[in-house]
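Taken from TrEMBL, the feature [4Fe-4S] cluster 1 binding site covers Cys8, Cys22, Cys25, Cys31. Residues or ranges marked as domain 'AAA+ ATPase' by TrEMBL: 54-210. If you look up TrEMBL, you'll see Gly62, Lys63, Gly64, Gly65, Val66, Gly67, Lys68, Ser69 marked as ATP binding site. Per TrEMBL, the feature [4Fe-4S] cluster 2 binding site maps to Cys235, Cys238.
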Amino acid sequence: MEEAPHGCPGADSAQAGRGASCQGCPNQRLCASGAGAAPDPAVEEIREKMKTVRHKLLVLSGKGGVGKSTFSAHLAHGLAEDGDTQVALLDIDICGPSIPKIMGLEGEQVHQSGSGWSPVYVDDNLGVMSVGFLLSSPDDAVIWRGPKKNGMIKQFLRDVDWGDVDYLIIDTPPGTSDEHLSVVQYLAAAHIDGAVILTTPQEVALQDVRKEISFCHKVKLPIIGVVENMSGFICPKCKKESQIFPPTTGGAEAMCQDLKIPLLGKVPLDPHIGKSCDKGQSFFVEAPDSPATAAYRSIIQRIRDFCNSHQSHAETLISP
């Protein structure tokens, strides 16, 4: 059986499969039926499917509105600038799928092939999948309870024909709930490289981000590092920096020092970021000389280095 979520009543409990913490768990049906010894068969099916995906990255934050989808999109764009690197971007923000808009793919639809759902491609080496492609209108509300969200995430991981991919980036909603438990448990056997955690400098965001870090520790999800987004604003004319969101408790830097996790970098505010997202274009192309572009590129390189070093370590462990 897959590792139980935090708060699991246990397979032998009278509440097995019925408790509040059971909602969205891949093992819920089995526990409720008394057959808790067997895992959800989808876990093994997903493990097989993910053998062609070298690196799997989650983009997380306990707080909404800190720029997870924007960062996920630009991480995908940045990695895909190398034409020999195959990148996939999966949007599991079921209720607020903004990736189709940010990637310039609004109105696109998912097509079925003999090998599964086909991703929607931005470029030959950058594929995207989102529940947004399944809606008749971008204004349609997705009103689903946990089990249905869990089923959608299972289908994305098991039935999408990603092909041979170097990086799978998974954009998540804010919080530590159904979607997060589902993706971590379904990918547990396939190995997740780690999570990139987004925050903004102010304490009201950091409070929720600490909860996300706690979640990662509880489910044994490695943390690649933290990105402080919207970290100051540099005036394009006078070059003076202003703190739009003052780091009253020291910002991400102090939090990372306290919790002993890496700070990957700080991305300053730039109006061109929002404009490029609304137009569905890469910010790196729109504003190549922006301080935010330089910050993004530095962070992306650190993520790439992390993945490469962990791949080398894994290959050393399995070599004869």
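We count from 1, first residue shown onward.
Glycine too: its Cβ is placed from the backbone N, Cα and C atoms.
Taking the features listed in TrEMBL, we show where each one sits on the structure.
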residue : record                          : Cβ neighbours (10 Å)
Cys8    : [4Fe-4S] cluster 1 binding site : 17
Cys25   : [4Fe-4S] cluster 1 binding site : 24
Gly62   : ATP binding site                : 23
Lys63   : ATP binding site                : 21
Gly65   : ATP binding site                : 11
Val66   : ATP binding site                : 23
Lys68   : ATP binding site                : 25
Ser69   : ATP binding site                : 25
Cys235  : [4Fe-4S] cluster 2 binding site : 9
Cys238  : [4Fe-4S] cluster 2 binding site : 7
* Out of the binding-site residues Cys8, Cys22, Cys235, Cys238, give me the one sitting nearest to Val66 (ATP binding site) by CA distance. => Cys235
* Please name the residue among the binding-site residues Gly64, Gly67 whose C-beta has the most neighbouring C-beta atoms within 10 angstroms. => Gly67
* Closest of Cys8, Cys22, Cys25, Cys235 to Gly65 (ATP binding site), Cα positions, binding-site residues only -> Cys235
* To do: Could you tally the C-beta atoms, other than its own, that fall within 10 angstroms of the C-beta of Cys22 ([4Fe-4S] cluster 1 binding site)?
  => 23
* **Overall pLDDT for the domain 'AAA+ ATPase' (54-210), taken as the rounded mean** => 94
* Structure fact -> Cα-Cα, Cys238 ([4Fe-4S] cluster 2 binding site) versus Gly62 (ATP binding site), nearest Å, comes out at 35
* List the other residues in this chain whose Cβ sits within 8 Å of the Cβ centroid of the ATP site residues Gly62, Lys63, Gly64, Gly65, Val66, Gly67, Lys68, Ser69, in sequence order. => Ser61, Pro174, Leu198, Thr200, Ala205
* Structure fact -> Cys235 ([4Fe-4S] cluster 2 binding site) sits from Lys68 (ATP binding site) (Cα to Cα, rounded, in Å) at a distance of 24
* Structure fact -> Among the binding-site residues listed as Cys8, Cys25, Cys235, the Cα nearest the Cα of Gly67 (ATP binding site) belongs to Cys235
* Structure fact -> Nearest to Cys8 ([4Fe-4S] cluster 1 binding site) by C-alpha distance, among the binding-site residues Gly62, Gly64, Ser69, Cys235, is Gly62
